[in-house]
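Everything on this sheet refers to the single structure shown next.
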Amino acid sequence: MEETFVPFRGIKNDLKGRLLCYKQDWIGGLRSGIRILAPTTYIFFASAIPVISFGEQLERNTDGTLTAVQTLASTALCGVIHSLIGGQPLLILGVAEPTVLMYTFMFDFAKDRKDLGQKLFLAWTGWVCVWTALLLFLLAVLGACSIINRFTRLAGELFGLLIAMLFMQQAIRGVVEEFRIPRRQNPSDTAFQPPWRFGNGMFALVLSFGLLLTALRSRKARSWRYGTGWLRGFVADYGVPLMVLVWTAVSYIPTNDVPKGIPRRLQSPNPWSGGAYSNWTVI
């Protein structure tokens, strides 16, 4: 990448390069037929699952001000915009742990201040994001992204390792939380008594490791010695989303003599309910 800090030169070069293949991207995608379904489902689940997980963490850390509904909606909106006019169609958009930490620190800072509080948190956060967008736009105009040439591959690998470790931390924390009583819940409920909490946590371990192991094995289905070639290819392409559906169905098996709330499920406001506007109203 050429290092240049001439205003708008980098954006101009990116637009020229993108326009050369923009039409072919759409033609190739439309002509690929059913083959496009495999990467589509994979990218969908690769984007949706972390967004839901971190959305649930945001709901806990912000006392319900931000939920998985907002994270899903924002990811979908940004994904559509980026796929239409973005320069990198393979980029997976979504929420990551650094983003969650930032919003958590901002909420902890704002909730106890008399001039902000939880009521004005979204409005204040909105302006923070506006100024962040302006600064990022200024960096893009000045071609600051060309500084990436000065970083070694080790720096990129270390950052990727950090993100991977944060994902693992969130997964482990989520499983541990299944053994505890959630915040804003009534501890006297039957589902939160010690025997049922232990059962809920152990079932969460079964679901977590079951999904992890079967998803990893399905990715290597093409090297299996059994099954037809078509079946092995189908499992390799669609194994991960299929395992998500299978283990989700398994979670609904405990029904008789099991208290409501076991296993625990994501609780988010209904976006079509009468009071849903309170989750979207900024001020």
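Cβ coordinates are placed from backbone N, Cα and C, and glycine is handled just like the others.
Note: TrEMBL annotation is automatic and uncurated.
Annotation comment: TrEMBL describes 7-180 as domain 'Bicarbonate transporter-like transmembrane'.
Annotation source TrEMBL lists transmembrane segment at 36-55 (among others). Tertiary proximity for the transmembrane segment (36-55) is limited to same-chain residues at least six positions away from its ends with a CB under 8 Å from its CB atoms, namely 29, 66-72, 75, 79, 92-97, 99-100, 167, 170-171, 174, 237-238, 240-241, 244, 266, 268.
The feature transmembrane segment is assigned by TrEMBL to 67-85 (among others).
Annotation source TrEMBL lists transmembrane segment at 90-109 (among others).
The feature transmembrane segment is assigned by TrEMBL to 121-142 (among others). Within the chain, the transmembrane segment (121-142) has long-range Cβ neighbours (under 8 A, six or more residues past its boundaries) at 5, 7-8, 10-11, 62, 65, 103, 106-107, 110-111, 281-283.
The feature transmembrane segment is assigned by TrEMBL to 154-176 (among others).
Away from its own ends, the transmembrane segment (196-216) comes close to residues 171, 175, 178-181, 190, 239-240, 243-244, 246-247, 250-251, 254, 259, 262-264 of its chain (Cβ-Cβ under 8 Å, at least six residues beyond either end). Per TrEMBL, transmembrane segment is recorded for 196-216 (among others).
Outside the transmembrane segment (154-176) by six or more residues, the chain places 50, 53-54, 56-57, 96-98, 201, 204-205, 208 with a CB less than 8 A from a CB of the stretch.
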